[in-house]
Amino acid sequence: MVRLGWAASACRFFQSPARQWRQLQQQLKQQQEQAGPPPRDLTLGPPCPDVCKMLSPGSRRLLLLLLSLWGPLLRRAETGSEGQTAAELYQRWERYRRECQDTLKAAAPPLGLACNGSFDMYACWDYAAPNATARASCPWYLPWHQHVATGFVLRQCGNDGQWGPWRDHSQCENPEKNAVFQDQRLILERLQVVYTVGYSLSLATLLLALLLLSVFRRLRCTRNYIHINLFTSFMLRAAAILTRDRLLPPPGPYPGDQAPTLWSQALGACRTAQIMTQYCVGANYTWLLVEGIYLHSLLVLVGGCEGDHLRCYLILGWGAPALFVIPWVIVRYLYENTQCWERNDIKAIWWIIRTPILVTILINFLIFIRILGILVSKLRTRQMRCPDYRLRLARSTLTLVPLLGVHEVVFAPVMEEQARGTLRFAKLGFEIFLSSFQGFLVSILYCFINKEVQSEIRRGWHRCRLRRSLGEEQRHPPERVSRILPKDPGPGKVPTGRALSLGTLPRPGDEASRVLESYC
């Protein structure tokens, strides 16, 4: 659907970088002295803005034509597609406009209420009955008219005899351009399915992991408290993105100005969801940073008190995102208050969100390199006792990647405005897949296959079996009950058998090794 008022199109057209605007302003000043009064035959549309009043009548008509046809038509006209240049295209459009006005003058107005016949700078509209959908053949001045000769432009006539503010010229779009848009839209829809599955799976596993870490008291420590907050940030991010997608139109580029428009009732809810999404994504990155800072402090400052910094970690994890999300909301509302705020046409505003996230990614990457250095030195000292230290190093490295979000570094130097074609979709696919499944991987690595968590689950399971056995009115002999729980090896002794397979405990006093064992 396309906005009829060419003034609104002019506003979107002139939302270009400041440099292009200054160049256009200089050209308009040169024509200001030649500008005359607006012609009477162009009073069918809204009042002309100040920029258009500075143009001469001929330049104004050409500008209206270009704004109506938009970018795809301009590119084809400039390159001489279909054997037409911009001058030839303008001549054909001018002839079409005059024929339309002559036809409307010769036609007798209908009796009663009706929408007036008019030329909206794109197509010629005859008189239409109220509360009906009028249609006009695709304009013959289009360079690709031979491919869309059977198509129609649609426009709604209201009950009050006034034309609606939108028209649908999808049947008259360039078929070659539409094919490209359809291919890109199909790719984006598939990517949306991928990250919907990823975030849904992450949401389910993170909820279960959060319950496990919260229920067992023996797991309550600073490290697991940070894990709980990280899991919560992943859950909020997944829930916010899935909620926002329910309020947004389907993904994909749209030819011309056919991007779906939200009703004002849904616009507020959509923008609120967009704000919450930006906050939750920012909180997720800051909690990844907290994980890196905490792990680095344990390895470098061994022996410090962990609990003293938990409050600082909470303030950093949940408070820091508000420091850049709130300014972004204010600036966005003042300077780019369009639709659901899902498009970032003014890149300077988007950098308010992007810069802190890039900083957290860079810091976590440096922490990751530092931790790898410590890990290599520790494993090399055990090389004689652990011949597979390279395998353990690779496993530990892969384990730390989702915890610190190191995968974000791969395409971090590639800006969105620079990515085009295959590079753009490669960046989207890589980031969308790993970001959506990152919560799932973290919950698996740091909860479900964690030795401490598995030990507590077995302990709780044995405890439940014991309670169930004691409540069966002594139908089982005492020796069977004694088999339910493993024998206590005694204080200071390491359990044998199956418990030993969970991994050997580090030597007392080797604090750095204990920390690495708990994470890697």
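Cβ from N, Cα, C; glycine included.
Unlike curated records, TrEMBL annotations are generated automatically.
Averaged across the domain 'G-protein coupled receptors family 2 profile 2' (191-450), the predicted model reaches a pLDDT of 85. According to TrEMBL, the domain 'G-protein coupled receptors family 2 profile 2' annotation covers 191-450.
Marked as transmembrane segment by TrEMBL: 193-213 (among others).
Among the features that TrEMBL reports, transmembrane segment is placed at 312-331 (among others). Here the transmembrane segment (312-331) has long-range neighbours at 226, 229, 233, 275, 278-279, 282-283, 286-287, 289-290, 293-294, 349, 352-353, 355-356, meaning same-chain residues at least 6 beyond its ends whose C-beta is under 8 angstroms from one of its own.
The transmembrane segment feature in TrEMBL is assigned to 351-372 (among others). For the transmembrane segment (351-372), the list of distant contacts is 278, 281-282, 285-286, 288-289, 292-293, 295-296, 299, 320-321, 323-325, 327-328, 331, 397, 400-401, 404-406, 408-409, 412: same-chain residues at least six beyond its ends, Cβ to Cβ under 8 Å.
Residues or ranges marked as transmembrane segment in TrEMBL: 393-412 (among others). Outside the transmembrane segment (393-412), and at least 6 residues removed from its termini, the chain residues within Cβ reach (under 8 Å) are 285, 288, 291-292, 358, 360-362, 364-365, 367-368, 371-372, 375-376, 379, 426-427, 430-431, 434, 438, 441-442, 445-446, 516, 519-520.
TrEMBL lists 432-449 (among others) with the feature transmembrane segment.
Summarising the annotation, TrEMBL assigns compositional bias 'Basic and acidic residues' to 475-486.
For 475-512, the entry in TrEMBL reads region 'Disordered'.
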